Amino acid sequence: MGTDELAENASESAQLDRKGARCYVFLAGWVIFWAVVHLFIVLAVFSNTVMLLSYYAVSYRNGFVRRGLAGELLRVFPESDYFGAAYAILWVSTIVWLIALGVLMWLVLSPNIRSERRVLLALLIPVLPFSYSYAIYNSHPEILGMSALLAFSIAIWKARTSRVRVIASSLYGIAIAVLSFIHEAIPLEFTLGTVLAIIVLPKGATDSERRRCFSLAALPGLAAVGTIVLLGRRDISAQLCTQVPHGMVDDPRGTVPNTSHKAFGCIFGQFQGQSDLHDWVCSKIIFFFDLDTFSMARVVASFGIPRLFASFVLGVVFFVATLSVLRLVCGAPARPFFRAVGEHKAIAALAAVLVIPLFVTALDWTRWWTMMALDVGIAYILYSLDKPEIEQRPPKRTVLVSIAIIMVLAVIPFGDVNNVGG
């Protein structure tokens, strides 16, 4: 019996039977059910809108400031439409990320929808810590960067010529540079994912081509961050406060009862309060715009070691658990993946080090670890799709453990958990 015939027989043996298909239909229904539950919670029970809208609170009206482009997006609309436009931006960014995840799931399934590992992986993707519930509960501006990174990684993975890879790197670099003026953390969060994608995913790329792609994809965003740090004004918090309009928005810690969700207010009103956006932003957020890097580091330190440590440990758990379950489901050995990264260890180490300023200047330590899980996870998922293990039938124990993990992950509101420390 020849090699091709053996491979064909192995592939046939890895196909789902009717009983297995029914099991995965149930599992898909479970994931969808909890997706609806999470959406209901955000819409009717527990919404952190006041914090999410604060990312779009300031513009360039009083000079060049960090995150000013976010506010400029809202200035395009009439003042009377401010809150409608702000809500639209939050949901559009969330929907874009969910579409990107849907594309990834389609890429996993489309070559062989009856491959058991592919089905497991497709059902795992939406319940990972950085996926659906992250976007629903925690739609920070970085979600746009997450979508850009995933699109770039897919483009690099699919590209067959150097020209396409260079074009993709150039467009991605420009996109990340622009997004850095919406949130300055975006290039630092995703440089690691960018570098891993360029190292691991291109087929037949030379080292010189990879270096060129590194430069085109990563340097524009880092240059934009440097511009923000050096030129961003830090003496105009009072003027910035005047930019924020008054209006009641959902706030879990708000003292004003929420009357907007009339259908559920009698049941859930005690869980969801409201605050005035202007008052909340001016009292809790605006003063950060006057702080330099060292002042921000002192604020982080003042938060206290126990709380920071808890946030850090939870983030590490998310990171390790995410990569472990991906390794379990995909089946592709991780050693060749990291061996390829080790061949470019200098640039990979530099990309990893760029995350450190986020820990120094911001409290969201769980969130940063989750983003690192995204960086590595996207590259590993696409890498595994080119490996023969993805078509092989997983052991029964692996299937049972994977199904149990997916069912548990579907229940956890990861986006809200990622607010630990923030």
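Using N, Cα and C of the backbone, Cβ positions are placed for all residues, glycine too.
Unlike curated records, TrEMBL annotations are generated automatically.
Note that the coordinates shown come from a computational prediction; the quantities given were computed from them, not determined experimentally.
In TrEMBL this protein carries:
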- 23-46: transmembrane segment (TRANSMEM)
- 82-107: transmembrane segment (TRANSMEM)
- 119-137: transmembrane segment (TRANSMEM)
- 143-159: transmembrane segment (TRANSMEM)
- 166-182: transmembrane segment (TRANSMEM)
- 308-334: transmembrane segment (TRANSMEM)
- 346-362: transmembrane segment (TRANSMEM)
- 368-385: transmembrane segment (TRANSMEM)
- 397-415: transmembrane segment (TRANSMEM)
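Relative to the transmembrane segment (119-137), the listed stretch 23-46 leads the set 23-46, 346-362, 368-385 in CB pairs under 8 A.
The transmembrane segment (82-107) shares more Cβ pairs under 8 Å with 368-385 than with any other stretch in the list 23-46, 308-334, 346-362, 368-385, 397-415.
Each of 23-46, 143-159, 308-334, 346-362, 397-415 was scored by its Cβ pairs under 8 Å to the transmembrane segment (368-385), and the highest score goes to 308-334. Packing against the transmembrane segment (143-159) from elsewhere in the chain are residues 93-94, 96-97, 99-101, 103-104, 107, 130, 135, 165, 168-169, 172, 175-176, 179, 182-183, 186, 189-190, 193-194, 197-198, 201-203, 213, 217, 371, 374-375, 378-379, 382, 385: each is 6 or more residues past its ends and has a CB under 8 Å from a CB in it.
Listed as Cβ neighbours of the transmembrane segment (397-415) (distance under 8 Å, sequence separation of 6 or more from its ends, same chain) are residues 23, 27, 30-31, 34-35, 38, 41, 116, 120, 123-124, 127-131, 133-139, 318, 325, 328-329, 331, 370. Proximity of distant same-chain residues to the transmembrane segment (308-334), defined by a Cβ-Cβ separation under 8 Å and at least 6 residues beyond the stretch ends, is recorded for 117, 120-121, 124, 128-130, 300, 359, 363-370, 372-373, 376-377, 380-381, 383-384, 387, 389-390, 392, 394, 398, 401-402, 405, 409, 414, 417, 420-421.
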